[in-house]
Amino acid sequence: MALPTKQYGLILPQKKGGSKTAILPKPSVFGDDSDDETSVGETLQKEAIKKKMMKQTRLEMQKALEQDSTVYDYDAVYEDMQKQKHESNKKVLEGADKRPKYIHQLMKAVEERKKEQERRDERKIQKEREAEGEKFADKEAYVTSAYKKKLEEQKEEEERERRQAEIEG
């Protein structure tokens, strides 16, 4: 029987003799590592290459030092960088307004609350006096100048608030 000249489909190479299934060697767990030692010649060759590379590296280092003596002075460069960073941070902090941004608004709100509380207290005291009626009418009333001044300031503040309310509303 003659072999056909043209084949179609999957063409498998035919092995001459032996079995049809090839036994593949299992890869070692350790990869290509083996206990076989390299020959003395190979070891010497590797050492020679290492020495050549080290010599070349040393020459490159010397050339670099000749061109710039501070090439391998990493610590000084790092310290300079840190100083520059620190100085720039100082400039930023000095340039920035160190005062708190919103404290003046908070303080204003606190003052307004205090004034409102004082007004409430005054109204409360006034109501108590009115409730007492004529009970203490025969007694003398003492009013200090500081209290009079405080009452005047409260009246002025109320007047300002009324004007602002008229302007806004």
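Positions of Cβ are set from backbone N, Cα and C atoms, glycine also.
Note that this is a predicted model, so its numbers are computed, not measured.
The region 'Disordered' feature in TrEMBL is assigned to 16-40 (among others).
According to TrEMBL, the domain 'Nuclear speckle splicing regulatory protein 1 N-terminal' annotation covers 58-168.
Annotation source TrEMBL lists region 'Disordered' at 110-169 (among others).
Counting residue by residue with DSSP, the compositional bias 'Basic and acidic residues' (110-141) contains 23 helix, 0 strand, 9 coil. Per TrEMBL, the feature compositional bias 'Basic and acidic residues' maps to 110-141 (among others).
Residues annotated as compositional bias 'Basic and acidic residues' in TrEMBL: 160-169 (among others).
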Remote residues contacting the compositional bias 'Basic and acidic residues' (110-141) - C-beta distance under 8 A, at least 6 residues beyond either end: 154, 157-158
The compositional bias 'Basic and acidic residues' (160-169): DSSP-derived helix, strand, coil residue counts: 9 helix, 0 strand, 1 coil
